[in-house]
Structures are given as structure tokens and as C-alpha cells.
There are 2 protein chains.
Amino acid sequence: MGEEREAAREAEIGRIREEIDRLDEQIQALITRRAECARRIAEIKKEAGDAEAFFYRPEREAQILRRVLERNRGPLSDEEMARLFREIMSACLALEQPLNVAFLGPEGTFTQLAAFKHFGHSIRSRPLPTIDEVFREVEAGSVHYGVVPVENSTEGMVSHTLDRFLNSPLYICGEVELRVHHYLMAVGGRIEDIRRVYSHRQSLAQCREWLDAHLPQAERIAVESNAEAARRASRETRAAAIAGEATAHIYRLRILASNIEDEPENTTRFLVIGRQQVPPSGNDKTSLLLSAPNRPGALFRLLEPLARHGVSMTRIESRPSRRGLWDYVFFVDVEGHRSEDKVAAALAELEREASLFRVLGSYPRAVL
Amino acid sequence: MGEEREAAREAEIGRIREEIDRLDEQIQALITRRAECARRIAEIKKEAGDAEAFFYRPEREAQILRRVLERNRGPLSDEEMARLFREIMSACLALEQPLNVAFLGPEGTFTQLAAFKHFGHSIRSRPLPTIDEVFREVEAGSVHYGVVPVENSTEGMVSHTLDRFLNSPLYICGEVELRVHHYLMAVGGRIEDIRRVYSHRQSLAQCREWLDAHLPQAERIAVESNAEAARRASRETRAAAIAGEATAHIYRLRILASNIEDEPENTTRFLVIGRQQVPPSGNDKTSLLLSAPNRPGALFRLLEPLARHGVSMTRIESRPSRRGLWDYVFFVDVEGHRSEDKVAAALAELEREASLFRVLGSYPRAVL
């Protein structure tokens, strides 16, 4: 009986494998036709003498991915299905124009992950040691795009990216979000034995409630990066680090607690920078650089047109200006594309009021 | 007229984009069906109580990829098409069993590239600082597979991987090949000004003819890694390094010459190690660990059964034994799977003659 069941199972698996083989053949035929279509579009654009940088169309990719997600009914997760389509698009694009993408290195960082998440793996990626150099390479045209952190909860380099836009003609062409989890890790032992917790200042802040509840006795020591925190914890017996999961493996630390961030949807955000103004995708954001005259209530008045035209502000951050003309500059993200009527109307009013006004870019909202 | 042509072009691009959208919908439907098939196979295996490690079938993946390559007629390259199918298989497999794969770190190394090339990106990858630790984690069952360099032209860690098999019950489950190119890089200047060339010993050896012809005057200085070579070159004016392309970007060096390796098909080989004996895929290799009695002609006699049974040897390497019982052990790769008649016959004779005999594994030959 057992043997019969075994034989029936084997036969069933054999039938399913044959079906997989047939499916693979069809998938391949369709991917091939898709690549031929992409090549044909590139040929038409080349005949028309279009600039090379514009083979890549961020708004079109965002639209395709949104449709992929709308159609997805499982069993593959939305993340996995989106990933496969990003890779298919990446391969088709590379046929005609392999994209060169610079990112804030070194390899193995979240920024590299973000670059691959956005562009797929058929790109030539180039790690650079500073945000400034990523901007310079894109400005010089030696790469097509750059990827830089802008709200980076673990590496703390937010401000420099925004400041750099003050002196750059580049546009924001896209945003990438990565979900980031924090882990408490140590050489060994129990949570209650921990006397010191090392981490980057921002990570410590993001886990404050958890630390208050579980490690009230431990000293919190801010260090320059989470990797440095792990390195220190690996050399002490009663110390722990807060860092990402991969870091624990690198430094051979045991994970004592997982997902200890107070805000479970803790994401890190990256910007794709380029020389291209992206047309609307149907679900976009617009980033602005503003400065108000230095008068009481000036900022409030400055932002009033956004409210009046029903444009939602998703983020505002003030930065001390380095130019001397303004005390502060503001980085503002709003919902919608600059070509949409209400956004255009609000921006026109804003521009009249602001002493400094620049649209850093309209770009598709991050898809997943 | 120009406007009409422009409108016609736009209309044509619009039609092609609609076709791409239809193709994407079909591709997605087929990938979804494929994932459902994979899930169904996993359910059948679970009902039968199969060990979890065996959801991943190296021989089946190799067969699928070979068929993909046979069918490929472009425009996508074989590499890109294989990559897309690896990712599709990776995503389908992760549905039921996310694979944990340890590799020799840190991130950003060729070994990590090899791990992703082999398993796709839907794995949980874990960089470990030494080859020994990769073996230990796989032996302990805390990861499913490990990836280690075995013929590594740039990092020079060949020998340790082979030696480690002497004390390990693990099997070789697969091999991965990466094509590696060498670049000459320096802060600036011209090739003729270079007085010192830093690189890993193996890279220097692999570019010997090129160096003799183009840099006869320069001193060659072996350092521990190509990254270290680039770091040194970045601090001197008349020094160059030989390293991979990415390294030049990291250390901000100019590439003075490309693909300077004497052997243009310079590949680096990695092994996938696991606890699994892989069934035949139809195009396999078998790796053996042997020792001959310490008598004149013993090695020759030992290998004679291979020749007599028509089994080709693709590689042999002798290593000093650390066990004291044998002076030397030999690592031998032969063509074919241990279950094939002629291989089985040759191995049976070999086993009778050898003082030490172990089959490290039969596994699919690297696909691309």
C-alpha cells in the first residue's frame, strides 16, 4: 500500500513538473516578444533622434508595476511579483541601453539594495564613497542616475542629500522605500545582563520605547553607524548593539530581540536623481525647495496656497541655509504631479511668495 | 510634415506599449500558475513527510535552465534569459521554503554574486567571515546551503575550501562559474609612468604576459587582496593596481587598461555545499577526494580505472594531507554522475585501490 501511494505521488509530481515545463516555455516566448517590443520602441526613438537618457521612463515603469500589483491574487507576494517584473523590465531595457547607476557605497549597503530594487539587476552599478560624488557623476553625465539616502534611519545621512540640491541642477526622478527592522544583538547571554547599548543615534531614537520597557538599566551610547555599534558589541560581554539582521551575522552576534522599533512600518527612503523631468504616472509626488522671507508668520503664509488648492503636504523639513541669503530653506513634499491643475496653481502662487523656489522634481510615488 | 511624422511615431509607440501591456498580463498569469504548481508539489512532498531540505532540487533547476538556453533565440542574451528564469524559480521556491544560504562574506564579493547567480534573490543570504564558518553553519543545519570559492583567481582562498572537506560530511551540490576580468587602474597618468603594480599573487600571475609586454619596467608587488592593492595604488602617484572594475570605482582610480588577463576566459569557480546528494541532471560532474599509498607510481595506477572506463578527468589537485596518514590527498573532478554505469564502475575500482576514498558529490555542471 505504501509503495502504491508513493508511486501515485511520484506520478502526480511528474505531471505537475510537465505542466511547469509547458508554462516555462510559454513564459519564455512571451518575455522574448516583450524584449522585441522594447527593442522596436528603442529603434523608433533612435530614428527620431531622442536623447539617450530617455529610454528609461520612470512613470511608465511605475504604471506597469501598479497594474501588476492590482492583478496579483497570489500565491506569490506582491513584493515577489513586483520584483520579477522589475527584473524583466530591467533586462528588456538593458538590451538597448544598459543603465549606469551610481549609488552611495560601499556595496552591501541599503542604498545598493535600493538601487537594485528600483532598477533591477541588469544595470551597471557604481558605488561611490560620498553623496557629493554621486551628485557630481550624475551632473557630469558619466552615469544616467544616482541613488542616495534621504530619510535613512540607520546611517544618518539625511541632511547632506537635501543640502546638496541647493547647488545642483539635478531632478528627483523617483523614490525608493525599503522596510527596515531593528534587532538587538550581543555576543551572548540574556537581555537582563546588558549594561550598554550601542547604535546610531537615529536607531536609538527609533527604539526608545522598547529600550525604556526592556532595558531601562542600560546606558545608550550613540556611535557613527550601526556596523560600528555591532563591532563594539562583539568585543564586550555585557554590551549589545541595535542594527540590521545582516549585521548580526557579519559580527557573529546572537539576536536577542527582533523588530524592536517602536514604529513597525519603519522605512528608509532613497531618492533617484537624474537629469530628466519625469511626466505624470497618475500617482506622483512633487518635491520643492523653498525659502521664506525672514518675517514672523512668513512660512505659514508661504504654505497657505497648498492648503487652499487642496494639495496635501506629506513632509516638510527645515535646514539652515549655507547661502547667507536666507536663514532657512525648506524641503517640502506634496502629493501630485506639477502638471496637475491644482498642483500647478498652488506652485504658481508659492513661487510668487517665496524668496527661493525650486521644483526638485515630480516623480512616481514608490511602488511597494 | 515633421509633426505628422512625430504623431505617427507616437501612435506606433503607443500601439507597441499596448502590446507590452497585454504580454505582461499573460506573463503574470503564467508565473502565477507556475507558482501554484510549485506549491502543489511542495504540499505533496509535505504529505509524504519528505525532509525539508529537498524542496530545492539542483538537478531539476539545471535541466530547466538548459532547456531555457536551448530555446533562446534572442534578442535577450542567454545570460539575461537564464537570470530571469533563475529569479522566477527562486520566487516560486521561496513560497514554500525560503532558502537560507551562507556565503563567504563580506557583502559585495564575488562569492555573494555567485550565491545570487545560483539561487536567485529570493533567498536569505548570510555573509560569514571564514570558509570554515560557512561549512560549520551548513553542517549544523542552521542554513540549507553554503557557497564558497574553490578556484578563485582574485581572492586566493582555493586551498582552504578543499582542505575543509577532509573533515566534513558535507556534499558538493553544485558549482557556479563567474567570468572575471582584470583591469589596470591608477590615480591618473599614463601606463608608461607606472613603476609599481600591486595585486593579489594570483592576479599578477594571470596577467603576467600582459605585464611583460606593457609594463616590463614596473615592480610587481603581491598583496593580500585586490582591494588592498587598489587602496595602496590610490595613495601613490606612480603605482597601479590590478583588480576588478568595481574596485576602481570604489577607490576612485582611473582604468588604464581593460581585460588584461592572459587567458580571456578567466572564470572563478564556486561550490555549493549542502547535506544533500543530488540525483543526475544529465550533464554532471563528480568530485572525489583520494589518497594513494605512498609508493612509486601509485597515483598513476590509482587513476588508471578512470581512463579504462572512459571517464574524463577535468581537474586534479594534490594537497599536503594534515592527517598524517597520507602524504598527499588528491581532489579529482570527473565528468558524469556517480550513478552512471561507467562512472560507478570506475569509482568502485578506484575505491578498492585508494587508501582514502570519498565522493564529495555528483552535481550539475554549471549552467552558464
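Even glycines carry a Cβ here, placed using N, Cα and C.
Remember, TrEMBL labels are computer predictions, not curated facts.
Within the set B:13-47, B:48-82, B:153-187, B:188-222, the record from TrEMBL flags B:13-47 under the feature coiled coil. With a cut-off of 8 Å between Cβ atoms, the residues of this chain six or more beyond the coiled coil (B:13-47) that come close are 54-55, 88, 91-93, 95-97. DSSP labels the residues of the domain 'ACT' (B:287-364) in these numbers: 24 helix, 30 strand, 24 coil. A strand conformation is recorded for B:Thr268 (site 'Essential for prephenate dehydratase activity') in the three-state DSSP classification. Here the domain 'Chorismate mutase' (B:7-100) is broken down by DSSP into helix, strand and coil counts: 78 helix, 1 strand, 15 coil.
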